[in-house]
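Engineer: Once you've had a glance at the structure underneath, I'll fire off some questions.
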């Protein structure tokens, strides 16, 4: 079979799928998916080239089958009597005479392939394929249409690590393993060329390749290289198929590989054809921007919560570990504590620790089941709560047993641990969604409509504002904090954006203080994580308010800075209930109570809990903790959720449905968002926070503007890039010069530099993360130099985006650091994500990524870069490969900025010199009106979303009102037509570039200008009784028209655009978009509105029904202060 058969001269069309659908999702609204006709063409419409067409057997003349059929068709298009049988027979005969040539690609794969053919593409050259010992399947070393080879793709996705080469390959049937220790994890294996010719030695990265004993046998450990580079096995080990072979092979996309791997988990013998079966790949409904009512809201979010719950359960219940060795101890509360480490595997301890910490998110309070399976004692099972997780000091996990009865404390071996999955948090989210839908009293009418995205007139709460906004016991507030507190107290729904170091916690505590002083019952304060709740609880307590910290019962044994405020500890100290104290003392001493005493103890405890909660000024708990049964019968008028951008929307709803009439969301959508483990749920929108959606709906957050954390030189770049230059410095350069610290910065007045490192990335032992040994060595040298210069270990933080690098750094510091091991143990090494909300005096950032083809992964996420750059108070040092990083526009800006500041350096640390490396000129988001936004600024949404019909950024409406309060976007920071190619490149832009200005709120009954009351806009109410909210404030049906709409009669203009409302826009006619100062002809001729850009928009907005259709028409006539 000749190569030409597949070349340009062949008559066979071969269609190759690209990975674009994997990246952007299929364009189901595009023209190729349009409904045309799902029936066979009529005989009179037979296409050219078919039977009867110009190229068919009955062709050019009048004599084909179609022609003969036509002759017998009557005037009304009905076949005459007797003609049917003849025509069918003749057509069948003609079709039988046709010789259809089978596509060679099809025949290539319909014939029986050998057993060792690649399970993805079918390539079966013995030199090119590798056997996966775990899944019992063969894969080739070719990339096909994916970024890595098929074997590496499989190993990573299936979490397999052991392989065997083919017996007919150049190296024979060989299991790849370490020559020294027998480790078979291919992600750990590498080779050292031996002195003898044509001999290589396979050794694992750690510990074997780093042992000093290698020198004794003439092996140079510095020459060690991994077997897998650029996500492919080295070609001398496993041959890479030729380009022709790969073109002839079955074409499979990354998206299909993903689906096939998922299918193999359930059915190992599944094939690509099985993917086509109905129901195999059902995608959940995507979240919307607006919802008709709370039932639709529940019907969309409920399945996503279930998806995440199912994924979480499957992951945690699959992680059973045998052969555990336990160390027993007795806690201060007389409870048994079991200490254990995860067993050593071929990949070393790192692999399992990563899975338990990163994938399973093991944390204090989680439940673990410990079983004894040996012969030295009776079989036993006990449940305990985790009280210690692995850290820099060791990999030990500790659990406190609920009951010590029968615990085999005399034995230490042959134990098994299982993760006990609990559905509590997911059940509470589902319950909150249901409550929101069915319970009228769950939230006020105003908040109900706002959360669903309905148009509601803004209102102001009449309240007595304090004369002095600073709370007692807390620092004085700056101007932006005072404005935030003052505004929030007067509004039913507020968003506060707190960039890094701007005093978000102090501001939140001050708001809670003033809300509590109003005497409207306890204020509920929540956050997604226990650490964030504890920090805020501590600050609120400083104001002198009565604060109760409500903990999950599984966390009562865990110590925290605010343990004395915890409900269970406050009950212990209640002098008003002596009987309860006696029973508690008896329980502590004996460990158990009689059934009668236990019953009495629980009743008294419930009474005490209720009394403390009812009398508290403030109750603090996690968002999921707000679903605790102890709060079930309480109603909270005022609710504040801190770090709300790190919570999923259903998580936020758990506290919200406890009666919210005044809701304050605090967060920063320019930092990292919620963690969603299930990719399908994340892709459907569960990873978008409520805060973000409300911002897109046009509720403009109040931004805190003075930062008190960073040296001014450190805050300049994040301010310009992420916050449009709006951050002011509350500290001077002199405030951020450390006394007794002698470190030579390349620029003495700028405590920062980018240290150019040319090392290569490697896949970590888990197969799902990366590490960079050269960077790790440089990080150790920098850490040592900082310590010698006078920095204390606990003042230094090392952060990296990759768990593999974090784990490698911990081990490298211990074994290769030139100072005492204990010093390095006190240096915190963590992922960027784990450092959010934290700060250190000095931060070292290891970027890790350095490759030719793979890109830079989630370093691409601007929010991750923002978090990484804003953790330091006194100095930042970035270690990375500029060549790889500069390909991404945002990093290009960062590197160019460091070069401008003469802080891009290379060479030995004691003699740093400015790097001569040159970068292409950064692409700028040109904004002539607002020079402060000259950098490519960022947030969660990119330029394409500025034209989503239905969002606040929709520019489709004509005839903009002139009144400045009712414009749909800010004239000062509009996006000009010039940089619109940015949209096609996915370059993020800031919210403020398309954000509407904040209109003045209206008091109840206040008219908005001379046109007030001139019409009633269309409204949507989710449930009866929502027309009036619980303030007695006007619902959406009582909104008034702004004066700019006085000349338009709503009834006669059903599709006219209201002040801040969104109308229907056809994505097939982007030229209808309007911008101030830009006429229609100008815009319609602009190059970026060509087919390429249009198709990208269509792909991104494939959930077209989210924004268009009947709902868009309904919104078309709504007017008033719609977004606030």
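Just so it is clear, glycine is given a Cβ too, placed from its N, Cα and C backbone atoms.
Copied straight from Swiss-Prot:
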type	residues	note
REGION	1-410	region 'Sufficient for interaction with RENT2'
MOD_RES	10	phosphoserine
MOD_RES	31	phosphoserine
COMPBIAS	51-66	compositional bias 'Gly residues'
DOMAIN	110-267	domain 'Upf1 CH-rich'
REGION	118-150	region 'C3H'
REGION	178-208	region 'C4'
BINDING	481, 501, 502, 503, 504, 505, 671, 708, 839	ATP binding site
MOD_RES	560	phosphoserine
MOD_RES	951	phosphoserine
MOD_RES	1014	omega-N-methylarginine
MOD_RES	1084	phosphoserine
MOD_RES	1102	phosphoserine
MOD_RES	1105	phosphoserine
MOD_RES	1122	phosphoserine
Engineer: Helix, strand, coil residue numbers for the region 'C3H' (118-150) per DSSP?
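Structural biologist: With helix first, then strand, then coil, the region 'C3H' (118-150) has 1 helix, 8 strand, 24 coil.
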Engineer: For 481, 502, 560, 671, listed as recorded positions, tell me which one has the smallest number of other Cβ atoms within 10 Å.
Structural biologist: 560
Engineer: Neighbour count, 10 Å Cβ-Cβ cut-off, for residue 504 (ATP binding site): what number do you get?
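Structural biologist: There are 24 such Cβ atoms around residue 504 (ATP binding site).
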Engineer: Distance between residue 560 (phosphoserine) and residue 839 (ATP binding site) at the Cα atoms, whole Å?
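Structural biologist: Cα-Cα distance, residue 560 (phosphoserine) to residue 839 (ATP binding site): 19 Å.
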Engineer: Secondary structure at residue 481 (ATP binding site) (DSSP, helix/strand/coil)?
Structural biologist: helix
Engineer: Just give the helix, strand and coil counts over the region 'C4' (178-208), going by DSSP.
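Structural biologist: Output for the region 'C4' (178-208) reads 1 helix, 10 strand, 20 coil.
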Engineer: Let me make sure I understand the span of the ATP site: among 481, 501, 502, 503, 504, 505, 671, 708, 839, what is the greatest distance between any two Cα atoms, in Å?
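Structural biologist: The widest Cα-Cα gap among those binding residues is 21 Å.
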Engineer: Secondary structure at residue 504 (ATP binding site) (DSSP, helix/strand/coil)?
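Structural biologist: Helix, per DSSP.
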Engineer: Show which residues of the chain containing residue 839 (ATP binding site), separated from it by at least 6 in sequence, have their CB under 8 Å from its CB.
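Structural biologist: Residue 839 (ATP binding site) has long-range Cβ partners 501, 709, 871, 872, 873.
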